[in-house]
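Step one of this worksheet: look at the structure below.
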Amino acid sequence: MSDRRPLIAGNWKMNCLRDDGLALASGLASKLSGASERPECDILLCPPATLLADVVGVLGHCDIHAGGQDCHFDKSGAHTGDIAASMLADIGASHVILGHSERRADHGESSTIIRQKTIAAHNAGLTAVVCVGETEQERDLGAAIAVVCGQMDVSLPEDATAENTVIAYEPVWAIGTGRTAAVADVEEMHAAIRRKLKERFADGDAFRILYGGSVKPSNAAELLAVENVDGALVGGASLKVEDFWGIVSACK
Ligand code: PEP
């Protein structure tokens, strides 16, 4: 048993208007306050930027963290539509997701940019949830581990520690598709990520490595039991209180 406390993170993506988002956050806060035992994991909600301040308000002092889904690498300036890491921290965020495959694809984000964003997040006092993952074609070519390790080499700055950085392994072909990676493949990839972390960082054994890709209540326990899987990054199933709580409850 590792002593890494699991993290279950919900990525709401571009979903939820105000009423739905606040109902979701308050539903989860009620689940937590009504639970007979404290869940065996940390919980993080990453709503759209428009709802972040309100979600922080709804969560109040309950032990659920809130985070952004992206930030810019500059501290401030002429970047229309972007959000600085310090702005997320300023409204009460503790984390920020960086390098999600949807941002890599939709916004052309390279691992070099993600590294700069990760440094900006750290400088603002945020924990960066850095996403890596291979495409289906890369897996079919037998290149999955090389691709993910290459993304880690560039995306993770030297100042990364287990305190300020979480890795999320998300095979691109498993995101939002209902397909999950085979347990043996998850185990192999997380072991490779752990080796990489230990090679590069003194506290590499303490980093949390999340799995993401169609995690739901019915498969969460099996995935969370895999060695070196220290939690989950959850998209679709984070949009329903019962589903997300089911995943939280699968942490034993
Ligand atoms: C995600 O968006 O990071 C994700 C894993 O989505 P889903 O759970 O819907 O596959």
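Positions of Cβ are set from backbone N, Cα and C atoms, glycine also.
Record note: TrEMBL gives ASN11, TRP12, LYS13, GLY176, GLY235, GLY236 as substrate-binding, and the candidate from SER33, SER36, SER155, SER214 in that site is SER214. Taken residue by residue with DSSP, TRP12 (substrate binding site) is part of neither helix nor strand, so it is coil. Each of the binding-site residues GLY176, GLY235, GLY236 was scored by how many other Cβ atoms lie within 10 Å of its Cβ, and the smallest score goes to GLY176.
Relative to HIS100 (active site, electrophile), the recorded positions with Cα atoms inside 10 Å are GLU170, the candidates having been TRP12, GLU170, GLY176. Listed binding-site residues: ASN11, TRP12, GLY176. Those with a CB atom under 6 Å from ligand 1: ASN11, GLY176.
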